[in-house]
């Protein structure tokens, strides 16, 4: 990694030395020749032969051979379920037999029925579908080899990123392809509504969980014991999504902790020696659900999963979606993560079968592990040329000359690589051809007309489609692809924003503003809790490396070359600042004292649409329900909005002075104070 001379005196804000920062944030360049296109062989070998191949996967050395029905029996007869049923019987005065019957019904609803025949069916069908719609499915072979070893040593938990319904099908397909055990997968109950398909998924390893348990202690006990039993037995790798649901905006969603808590428990209760956590990054050139996501972000309810809907979706088989990159990260030992941090002795004080309330220390540890896993996922997400192209287009909309687009995209390519972005760019093709092929792949969004690249703003002669403004649909699809870049740029961009918002150049003031921005946007982007100083140092280091700034003892100075870099970075992140300002203005205009979350979404959507229609704003990010939801969560956390529970629902009311102050701080009318992260 090159060290610019200006970075040598960077980091006197904290105790971390410059050398340590360089080591901390230098990212090993990934070698593309180590990636294998698994579809290459599929195109030359019969799909039927592939589906019917001899499948003898490597298994965990401590495996307890059992059938799916044996797991159910083991759960029902476990000490933990017996204990919980007895306790609930005392509390509710219901007979033990009734509660046991309920536990049986819960298990029947959730449990998988893993069968080799179903796996072979999916192998055959998915091979045909993937060859039809994807050019390549590229996998890092080294990651597969490490996973092969890990599966034999200890129970394994697979933690993939989640951008599409294809994610879990793709992983099962790949593990079957490499003769690894197909995972058991935590899936939402939505799929059970799909006739035949739901049962097929169950037979291919899916087990089903309700979105909310609603305080149902028996359901939680049965579900957690079911997952722990599979993990302890080494039955198969357990797979779930830390994000809990698909990200519609292509940004990583903040993690959910429930399942992570469950899979850690056998280790802390000394039921297994160790557990491997494997972060997996799945990247798409073009997302299958791109249009559906734009509709959902504009407030159109998600269509219910159904077999009919699946059959209607067959039209995607006539479209092309480019490449998929699947990066299997290094298996992370839970034992190593806990060493020196979390002792197992508290679990020795009571019998294993008695559920324990989670300690504050344990909650902090689980939270930290979840964020670390997500940061590993983010580090290995692959960028295609398209997010770079669309980022340039959005800052020059509605159209740009092709040569100007080419020049700006190549400049951004250099900056992305300098910032450690994991970028795939065909080096054997001229840059013009790379950009033209990207435009062709996304011809539903952009077109090349007479040497100008134009965003599509109309559908035929109409500006409306399904009651929505077509321009809004196009822009939200573009914003989702641009969002793929934000992971690479978030820290240097927030330093750039802080430099713009801070009067003067004092490093201490810039850091204070950076912390404020991290606090406000911690629902938008993934930051390791308590890591603000290191995040600031990384942002400064990358800006020094690109020669955009010089960090002196007390001040941060912008170089002559740095203006173009900072201008681009600010343009990338300013929409989030402006969106939150607009939502502050809506809250200050809110006439009702109290409102529900549903009312908030309806009213904020109406308010923002009017602003855009009137030309009072060009910030289309604010239309996204994802941004609106994250802003509300941030405002509650910062004390700008108060949240109360009334009759099983939450109501909100606005703290006007705090809202005014936040709006002024975001708009640079009021300097960010110290400490910046305190409640407003």
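Glycine too: its Cβ is placed from the backbone N, Cα and C atoms.
Remember, it's a predicted structure, so these values are computed and weren't measured experimentally.
Taken from Swiss-Prot as is:
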- 12: phosphoserine (MOD_RES)
- 17: phosphoserine (MOD_RES)
- 162-167: motif 'HXXXXD motif' (MOTIF)
- 643: N6-acetyllysine (MOD_RES)
Cβ neighbours of residue 643 (N6-acetyllysine) where a neighbour is any other Cβ within 10 Å: 14
Number of helical, extended and coil residues in the motif 'HXXXXD motif' (162-167), per DSSP: 2 helix, 0 strand, 4 coil
Predicted model, mean pLDDT over the motif 'HXXXXD motif' (162-167): 94
Mapped DSSP class for residue 643 (N6-acetyllysine), helix or strand or coil: strand
